[in-house]
């Protein structure tokens with residue numbers, strides 16, 4: 001069959017096993033991927049079986065010589081997707097796989113049929129896993145991690161997958177980040193930072209998602225950077241020379257590629273419910289992002305010690321590899337058989353691959369085999385592993401969420417723009433008012449000046465005319481006197497006529513002066529009217545200015561209103577995140593920080609804030625913390641109003657759930673206030689919430705010493721003695737259990753009745769209370785064991801002296817795993833010291849230790865019990881007497 005026909009067959013098979021019932025993964029190019037607008041609401045999980053391909057390695061140089069006279073132990077039928085495993089020359093067994101790749105299959109073809117569908121799913125928003133499994137030396141690392149620097153055709157799945165990812169993502173709106181790890185001797189080490197050699201696994205109790213927050217996460221933006229990271233990681237990976245492989249990987253390599261993509265044209269609308277805010281944003285459209293993870297796992301090869309020749313440290317490495325692969329096989333078997341219990345926690349490898357098998361990821365497995373008949377047993381084991389893996393069904397889930405952080409940033413930017421625009425308009429408005437006021441003042445000053453000048457001119461003119469008239473009259477009067485004194489004057493009969501004419505002229509002049517004066521007065525009145533009009537205009541201008549100032553105040557009020565509206569929007573975003581956190585807290589029954597106060601506390605705080613503000617805002621506890629201040633919240637713990645105290649202690653408990661707040665609470669006297677509440681109040685609710693807050697604070701070693709110094713163990717013991725509510729007892733038991741884990745406080749804790757308080761709480765039959773009691777006993781036994789081994793303690797255990805052994809033996813095989821696991825650990829720690837052996841034998845603890853060493857589901861506890869029994873002379877003598885073996 002030609003390569004093209006094989007590819008077509010592969011496409012058809014991929015279509016039949018597609019994760020998305022209505023889409024053809026292979027026929028759809030990556031660049032043309034589209035998504036409907038309803039996908040956010042309708043992304044329900046869909047089944048997707050683990051796809052398994054088998055790849056045959058060609059014979060190597062050693063096999064060409066040693067097996068020259070023997071046929072291959074396998075016969076491939078790629079066109080039928082079958083493989084025949086020969087038992088002898090005439091008999092064999094046939095197995096079917098999703099793909100059968102011969103020794104001549106190219107790296108490109110392997111990528112196309114094994115990895116490309118998974119990579120496309122990751123780009124569509126689904127988690128994906130590609131894993132290689134097989135005997136050491138069969139080509140797993142070649143298939144996955146080959147860089148292909150000398151020959152590009154030899155590029156492995158890791159390099160080719162990243163090429164397809166970079167070809168499809170947009171570096172402007174999308175991001176690609178990489179972590180590269182190895183699981184070596186049951187420790188997770190960072191290949192990009194060798195000093196980071198013990199990374200913890202964190203599991204989400206709600207979703208069971210596994211994360212590694214301590215691992216180096218590098219954002220890459222081009223293919224060359226990725227290749228450099230792979231080269232750096234490979235340089236730090238453990239490898240050794242064995243008889244089966246000159247470069248045998250001694251660790252499991254795990255490449256994690258995190259792809260975050262923005263979904264275009266698909267925004268969910270959130271309409272405003274408040275119609276009284278005309279400037280309220282009518283519709284919030286948070287961007288939608290898809291966060292998918294591609295996991296590529298290069299498992300270390302399984303090996304038989306007699307064939308590989310491993311010895312010394314290499315032997316320990318081989319044992320660790322085989323144990324982790326055995327744990328993986330057990331999980332695959334349980335999933336294939338639909339067992340109720342899948343032992344994922346037996347190994348860190350299975351914990352890391354929890355999402356890949358039976359989880360929400362699309363998984364593609366390639367098993368690699370060799371042709372040599374000398375390794376037929378290993379080949380058969382690998383084939384059976386692949387057959388069982390094909391029966392595992394995953395429920396593929398779209399990883400899509402709203403990007404509220406981006407929306408919040410966008411709102412902040414819009415708010416800054418609105419504030420800047422408002423300030424700009426306000427400044428322009430103030431400048432215009434100032435210009436109008438200046439112009440009006442200039443006009444008034446000019447009018448007053450013109451009035452004064454005109455008045456002065458008229459006065460000068462009228463005064464001048466008046467003086468001239470007076471002068472003329474005086475001259476005429478003088479002339480008349482002279483005429484009267486002249487003897488040659490005419491007769492007296494003529495004088496009256498001359499005098500009458502003069503008088504007439506005088507009257508005319510006086511009338512003229514009177515008219516001129518009236519005209520001057522009229523002009524003066526007109527000027528006065530103009531001045532009055534100017535003053536009236538000035539008053540109008542002042543009124544206009546006051547109106548403008550009023551408009552400015554209204555604009556300022558509108559600004560404050562708009563800022564309030566945006567604050568409401570931001571608080572709604574905070575509330576969404578807070579509600580998600582609260583849901584997670586309720587689902588996690590084992591964590592104190594996630595249950596104290598609960599939704600009732602949050603609701604009461606929000607209602608209280610609504611009553612204060614009256615605007616329907618729902619701030620989070622963190623926002624309330626910022627607005628009110630820690631000191632004011634703590635002061636409410638001493639309020640005479642019982643309801644106020646209850647609300648306040650719930651707020652403090654929620655704040656204590658965050659590690660960043662714990663130091664502030666202790667420094668502000670919050671720990672002292674909480675202990676005082678246990679002492680002074682009789683309210684069961686306050687006791688429960690305060691004990692939970694103290695339990696959170698007791699997770700810090702410094703705080704543990706402060707609690708003990710302030711008589712905290714006595715107050716907790718008193719609270720436990722008086723409490724009846726199982727939840728209160730659980731909180732108190734959890735706080736004491738945390739204190740039991742401090743090596744420095746063992747004697748003091750026992751002296752103040754801590755152990756007896758724990759044992760007293762078993763009167764409550766609630767399993768959660770018993771789980772916390774068991775945890776405290778296990779913590780105390782562990783610290784006591786450590787002190788005894790260091791020579792800091794001698795004699796019997798305080799637990800045995802205080803009568804804890806009967807309860808421990810009674811619950812060693814409890815049905816609840818959370819109780820049983822802690823009790824088993826406590827028994828193992830107690831049994832490590834010979835001083836406790838006689839009491840444990842007489843109390844029946846030996847039988848439980850034997851059972852744990854045989855039947856415990858936890859491999860580490862089982863090994864510890866076995867080692868403890870083997871190292872104790874007293875236990876060994878008693879077991880010989882009873883003819884017991886472990």
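Positions of Cβ are set from backbone N, Cα and C atoms, glycine also.
Summarising the annotation, TrEMBL assigns ATP binding site to 134, 135, 136, 137, 138, 139, 140, 141. Neighbour count (other Cβ atoms within 10 Å of the Cβ, all protein chains): 27 for residue 135 (ATP binding site).
If you look up TrEMBL, you'll see 588-598 marked as compositional bias 'Basic and acidic residues'.
According to TrEMBL, the region 'Disordered' annotation covers 1-44 (among others).
What TrEMBL lists as region 'Disordered' is 588-614 (among others).
If you look up TrEMBL, you'll see 628-670 (among others) marked as repeat 'ARM'.
Taking DSSP states H, G and I as helix and E and B as strand, the repeat 'ARM' (669-712) has 35 helix, 0 strand, 9 coil. Residues or ranges marked as repeat 'ARM' in TrEMBL: 669-712 (among others).
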Quiz item: In the predicted model, what is the mean pLDDT computed over the repeat 'ARM' (628-670)?
Solution: 81
Self-check item: Least Cβ-crowded entry, counting other Cβ within 10 Å, from the binding-site residues listed as 134, 137, 139
Solution: 139
